[in-house]
Amino acid sequence: MKVAVGPDPSLVYRPDVDPEAAKDKGSFRNYTSGPLLDRVFATYKLMHTQQTVDFVRKKHTQFGGFSYKKMTVLEAVAMLDGLVDESDPDVDFPNSFHAFQTAEGIRKAHPDKDWFHLVGLLHDLGKVLVLAGEPQWAVVGDTFPVGCRPQASVVFCDSTFQDNPDLQDPRYSTELGMYQPYCGLENVLMSWGHDEYMYQMMKFNKFSLPPEAFYMIRFHSFYPWHTGGDYRQLCSEQDLAMLPWVQEFNKFDLYTKCPDLPDVDELRPYYQGLIDKYCPGVLSW
């Protein structure tokens with residue numbers, strides 16, 4: 001059964017495309033036209049109204065103990081077959097295929113970095129939150145810092161934040177809001193979703209991946225930062241040093257979304273080996 005809970009604001013919108021044709025890069029993340037646009041907009045409207053400092057802190061408390069489920073990485077990948085991301089204008093097939101597509105794209109381009117291949121498989125596993133009953137607007141979609149005024153490159157910025165109570169609060173409604181200049185993204189409270197959940201889950205379960213991997217997972221949906229060029233006033237030197245890694249990952253996350261689905265059974269043993277190396281066994285989710 002495919003689970004869909006409310007519209008979501010994160011993915012890109014997919015115009016009608018000849019499935020035989022390779023997708024032109026300009027047609028990804030098209031938020032201005034197409035059959036899924038209403039669904040995507042509605043998801044972002046909910047997200048940008050309800051993602052507040054208080055809401056995000058409550059979600060960290062709710063999920064920070066990682067008591068939802070015990071399962072392996074590949075069991076989580078299999079769970080994603082029940083989910084189609086409503087915020088993604090580009091994809092109407094299950095997320096598990098996108099996970100393997102992304103991983104294989106990275107593997108071809110970076111054959112010597114096996115940890116990077118694994119990031120491709122892991123990056124969207126936080127979407128299991130939808131299957132745990134969370135609304136899509138609190139799981140998928142582009143992320144942004146709460147506790148300060150949204151910047152111009154946040155998707156639908158001008159039309160979706162007017163009912164967010166934080167923007168009526170003088171503590172949270174300036175460019176810096178509750179933050180110090182150049183405080184570092186590790187000190188910034190990001191909107192709650194699959195990126196933040198998975199990053200915290202990886203730390204909790206002590207994944208033995210390099211720091212670049214944790215940045216890619218935590219910030220791959222932070223389009224206003226890695227693509228829009230905004231929020232530099234919050235970044236430390238380390239954030240800016242990690243930015244090219246997040247941008248490199250994003251090329252594979254975005255442009256491997258094609259209808260040619262991978263042979264998952266053939267690929268599974270390779271990725272099981274990487275899981276055994278970096279994040280083995282039954283994990284706490």
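Cβ atoms are placed via backbone N, Cα and C, with glycine included.
The substrate binding site annotation in TrEMBL covers Arg29, Asp85, Glu86, Ser87, Lys127, Gly141, Asp142, His220, Ser221.
Positions annotated as Fe cation 1 binding site by TrEMBL: His98, His123, Asp124, Asp253. Around the Cβ of His123 (Fe cation 1 binding site), a 10 Å sphere holds 26 further Cβ atoms from the protein chains shown.
Around the Cβ of His220 (Fe cation 2 binding site), the same chain contributes His123, Asp195, His226, Val246, Phe249, Asn250, Asp253, each under 8 angstroms and 6 or more positions distant in sequence. The Fe cation 2 binding site feature in TrEMBL is assigned to His194, His220.
Among the features that TrEMBL reports, phosphoserine is placed at Ser33.
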At the level of the C-alpha atoms, what whole-angstrom distance separates His98 (Fe cation 1 binding site) and Lys127 (substrate binding site)?
12
Hey, for the Fe cation 1 site built from His98, His123, Asp124, Asp253, who else sits with CB inside 8 A of the CB center?
Asn95, Ala99, Thr102, Gly120, His220
Roughly how many Å lie between the Cα atoms of His194 (Fe cation 2 binding site) and Asp142 (substrate binding site), rounded to a whole value?
10
